[in-house]
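To keep things clear, I will list the structure first and then write my remarks on it.
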Amino acid sequence: MDYVVRAIDEKAGILAFCGRTTNLVEKARLIHDTLPTASAAFGRLLTASALMGLMLKGEKDTVTLRVDGGGSAGIIVAHADSKGNVKGFIGNPGANIPLNQKGKLDVAGIVGSTGTLTVVKDLGLKEPYVGQVPLVSGEIAEDLTYYFDKSEQIPSSVALGVLVDTDGSIKASGGFIIQLLPRAEEKAVASIEEQLKSTKPVTQLIEDKLSPEDILKNLLKDFEITFTAKHVLNYHCSCSKEKIERILLSLGKNEVDDILRSQGTVELICNYCRKSYRFEKEDIDKIFSV
Ligand SMILES: [Zn+2]
């Protein structure tokens, strides 16, 4: 079972999030048919959104991460709500290139590094919160670290990892975010930095069967952390025939009739779950007769 946890040391001013996303990313791989490098890039962003879903306060709040780096992966989007529902899509699921010089899946190589990372938080206000930063590496974790620093002014350490098996399936996936609240002391910062340096890669910790709680307890062993939330994660899309009909209505009758004339039928495939919605001429007439 995949889940994310939130922990805090009130006194030291440390906030931490950690999650295992192996099944979630595997499900995403099966839905979108991603090849290894694309699986890693997509999985990292899905993991980041799952962790950031735990930062949301309102029941209906959502967070969307969008990476547009100009590389062969195309645009990658991940979306999470505050209850552990996560979904996303990647422009080119077939993006796959040889391992990088470190022998790792070359995420930056397919993401590109000339674009932006955009974070959209729908907090139920009139306008959503939108933060955007240029990509610093295309590896996603570093880009998110930069986002937290520049856009939210919260010093953070972000680790995201996806380990792909030889058959292309997801062997281990997960990540953590550690944030310093304004009252955090210099001493705490140094201790965390030291601990991060000696910690194994997050995928290895997950593969070693460490729970998200154990990972945080080890990382923050000099602190007294309390776990304040836990969310089970699900790859879940809430699309429906009614929502798709509304999209058709917003396109307008002329446009939809054009598609009908050239294709004989109107088919829309959900970006997030790849579910296909087909409409014949009778269906279209009915939708627009209301
Ligand atoms: Zn869907």
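Cβ atoms are placed via backbone N, Cα and C, with glycine included.
Predicted, not measured: the structure shown is a model, and the values here were computed from it.
Positions annotated as disulfide bond by TrEMBL: Cys237-Cys239 (among others). Counting every protein chain shown, the number of other Cβ atoms lying within 10 Å of the Cβ of Cys239 (disulfide bond) is 17.
Shown in sequence order, Cys237, Cys239, Ile244, Ser276, Tyr277 are the residues of the chain, 6+ apart in sequence, with a C-beta less than 8 angstroms from the C-beta of Cys270 (disulfide bond). Among the features that TrEMBL reports, disulfide bond is placed at Cys270-Cys273 (among others).
Residues within less than 8 Å, Cβ to Cβ, of Cys273 (disulfide bond) and separated from it by at least 6 positions along the same chain comprise Ile31, Lys87, Cys237, Cys239. For Cys237 (disulfide bond), the Cβ neighbour count at a 10 Å cut-off comes to 18, with all displayed protein chains included.
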